[in-house]
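I have placed the structure first, in the form of structure tokens, so that the comments after it can refer back to it.
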């Protein structure tokens with residue numbers, strides 16, 4: 001079995017009727033495929049949108065609401081209804097499911113990150129299928145484009161999944177918009193996510209969901225940089241999940257980096273919030289970015305911000321102004337300032353094990369398109 005642990009992300013457009021309401025037949029089809037894969041020995045996590053779709057009708061809305069408060073209220077009602085659909089269908093096959101609601105804070109805060117990881121590990125080891133969604137009823141930012149796309153990549157990286165599958169209404173990444181460009185061709189295998197790939201991702205998408213192709217590509221960066229390959233395929237075929245697990249489904253496959261980031265490096269790269277800035281000379285910049293060395297005090301030109309021992313800072317090349325990466329400091333700002341002022345600074349500010357270089361691929365995650 002090539003892909004034992006698989007994270008599936010199902011978007012709103014793959015769960016709804018034409019009027020935007022939840023399609024029970026589509027939910028049933030998804031759970032049947034999950035059951036078949038589970039019975040075949042796969043460990044599965046489902047990141048599912050659809051809470052708003054499941055709830056807005058129960059609150060008397062004629063169509064999917066657009067106001068934040070209405071969305072939150074609909075999500076609060078719909079989350080339970082959506083989980084009930086999944087749970088009922090899975091129990092028919094004697095499979096236990098579990099609801100986990102996450103927010104970005106569960107990844108930023110290291111203690112909460114550890115707790116979430118431990119809970120997911122126990123559930124998978126016990127044969128349950130975790131069903132994950134963002135906590136849409138309380139988190140405003142997470143209702144924006146890309147919410148569960150990013151979440152699924154973060155979860156896949158956290159549990160060191162063997163594969164992340166995006167099920168959507170578009171069967172992969174195209175060179176153009178397949179809905180309007182007859183010359184558009186699907187890319188079957190993507191070795192590296194770069195600016196050209198990002199440009200291609202501005203095309204096809206659906207009006208019902210909040211996740212477009214661009215957010216899936218940026219989410220794929222998180223996964224592939226963490227060592228998890230990604231597959232984007234259509235949810236319209238009845239056996240798409242099974243075929244994706246067997247690599248027989250048509251779609252776009254994103255190759256994982258051979259040396260994926262371990263958990264500590266993932267946290268530094270994608271979640272750790274910087275408390276200050278450090279500018280270094282050319283020698284220190286080369287030592288960090290090209291030779292994998294620690295950052296010595298002697299290579300620091302200046303520092304900015306209020307930070308303490310153990311905080312995360314961003315390091316810049318003074319000459320080019322380029323961001324080099326992030327790391328955990330061994331001295332607070334005031335102590336560092338005193339040492340730099342003495343002009344006899346010796347020692348290490350950031351050890352290489354507490355450092356992550358910002359690759360061009362990771363840098364794309366922090367670029368607005």
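Cβ atoms are placed via backbone N, Cα and C, with glycine included.
Taken verbatim from Swiss-Prot:
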type: BINDING; residues: 9, 168, 169, 210, 211, 212, 213, 214, 215, 216; note: ATP binding site
type: BINDING; residues: 49, 136, 148; note: substrate binding site
type: DOMAIN; residues: 275-355; note: domain 'PUA'
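Spatially, by CA atoms, the binding-site residues 9, 169, 213, 215 include one closest to residue 49 (substrate binding site), and that is 9. Least packed by the Cβ count within 10 Å, out of the binding-site residues 49, 148, 215, is 215. For the domain 'PUA' (275-355), residue counts in helix, strand and coil come to 24 helix, 29 strand, 28 coil, using DSSP. In sequence order, the binding-site residues near residue 148 (substrate binding site) (Cα within 10 Å of its Cα) are 9, drawn from 9, 169, 213. Its own atom aside, the Cβ of residue 169 (ATP binding site) has 16 Cβ atoms within 10 angstroms in the protein chains shown.
Taken residue by residue with DSSP, residue 213 (ATP binding site) is part of a helix. Taking the binding-site residues 9, 213 in turn, the residue surrounded by the fewest other Cβ atoms inside 10 Å of its Cβ turns out to be 213. This prediction places the mean pLDDT of the domain 'PUA' (275-355) at 93.
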